[in-house]
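Colleague: So that we are looking at the same thing, I have put the structure below in structure tokens.
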Amino acid sequence: MPKSWPIVISSHSFCFLPNSEQERKMKDLNFHAATLSEEESLRELKAFDETKAGVKGIVDTGITKIPRIFIDQPKNLDRISVCRGKSDIKIPVINLNGLSSNSEIRREIVEKIGEASEKYGFFQIVNHGIPQDVMDKMVDGVRKFHEQDDQIKRQYYSRDRFNKNFLYSSNYVLIPGIACNWRDTMECIMNSNQPDPQEFPDVCRDILMKYSNYVRNLGLILFELLSEALGLKPNHLEEMDCAEGLILLGHYYPACPQPELTFGTSKHSDSGFLTILMQDQIGGLQILLENQWIDVPFIPGALVINIADLLQLITNDKFKSVEHRVLANKVGPRISVAVAFGIKTQTQEGVSPRLYGPIKELISEENPPIYKEVTVKDFITIRFAKRFDDSSSLSPFRLNN
């Protein structure tokens, strides 16, 4: 690991804790806002991680103040009250009805998706082909997993993303000096060669397999439409393996007693090609456009689609990957299911050697390449190192950098 990378607290070397020990660990966390030294932060992060109970475990103790490892910097928190909801910008809602039966409707849909991807980087879709009862059962499956008995759930707590197809954790990484998010997550690796269903918990196994199949098919359709919007043949993005890597994330955001002090998910952009998100009625998702935070409202039956960093890179900035976040809320739990299409990093030969750069058909004298070609390994390594600074996540890959 490069020396410049932040410290990562890994949990899979810690022991499981009995309930009484878990309660003691929870009490060890400091619940008063204060500036933490690195040593204090490290100690409190370790105490939190060792419980394997996540944010839900903290809430279940009956807290009225959040632990200080969750309190974000004032410069970030100030923006919550300043920008929330104060914009006339509306995220497009695109109806996919008639997509496969009417060529004229398909052309209109392609045009709308292309425009939304260029201007907003986000759009919502309705009549997308995933039945409402399947969506409802997927949300319920995420809820059941996170709300099941702690002793069962704790067995899946891990940060070993290289050797497990299913795991649960709280926060992707725990880093001294970086505020934790008010969120727990179950992660499922659902690549093109599907894992053994027996690796998934009983409480959500069947719906995980069913929903992921629906979303995989929808992803292939969206990559077709995005290819056409770029003036390419429909299977161009699929042939670039944009749909090979698939991860399903079941986020659980407990009610927060002090939502003004933390975030459900901090500001970030997605690293892969495309994300398909299902959010519940609580809402809280915001995207950053024209230096304003714009609410992405809950629409019954709709799915939120967003362009991710690699798709911006290979389209040479034609499509935009924009930063977004999720606000914490006194109401909860909020549940969302994100399916990220990204790089399938592992092949039979090891790490994929494939280079990704601007698509040749999109390059001309008038539109020269903005980005250098980059390997999968370098993209992941460099982007992770840039994860917690304020510069663009794609800036290291620009040719003029």
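Count begins at 1; order follows the chain as displayed.
Cβ atoms are placed via backbone N, Cα and C, with glycine included.
Grabbed the feature section from Swiss-Prot, which reads as follows:
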type	residues	note
DOMAIN	242-345	domain 'Fe2OG dioxygenase'
BINDING	His268, Asp270, His324	Fe cation binding site
BINDING	Arg334	2-oxoglutarate binding site
Colleague: Could you please provide the mean pLDDT value for the domain 'Fe2OG dioxygenase' (242-345)?
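Modeller: It averages 95.
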Colleague: Tally every other Cβ atom lying within 10 Å of the Cβ atom of Arg334 (2-oxoglutarate binding site).
Modeller: 26
Colleague: Among the binding-site residues His268, His324, which residue has the fewest other Cβ atoms within 10 Å of its own Cβ?
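Modeller: Comparing Cβ neighbour counts within 10 Å for the binding-site residues His268, His324 gives His268.
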Colleague: List every residue in the same chain as Asp270 (Fe cation binding site), at least 6 positions away in sequence, whose Cβ is under 8 Å from its Cβ.
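Modeller: Correct list: Asn306, Ala308, Asp309, Ser321, Ala340.
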Colleague: Could you state the whole-number distance in Å separating the C-alpha atoms of Arg334 (2-oxoglutarate binding site) and His268 (Fe cation binding site)?
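Modeller: For Arg334 (2-oxoglutarate binding site) versus His268 (Fe cation binding site), the Cα atoms are 19 Å apart.
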Colleague: Could you count the residues of the domain 'Fe2OG dioxygenase' (242-345) that DSSP puts in helix, in strand and in coil?
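Modeller: DSSP classes over the domain 'Fe2OG dioxygenase' (242-345) add up to 9 helix, 48 strand, 47 coil.
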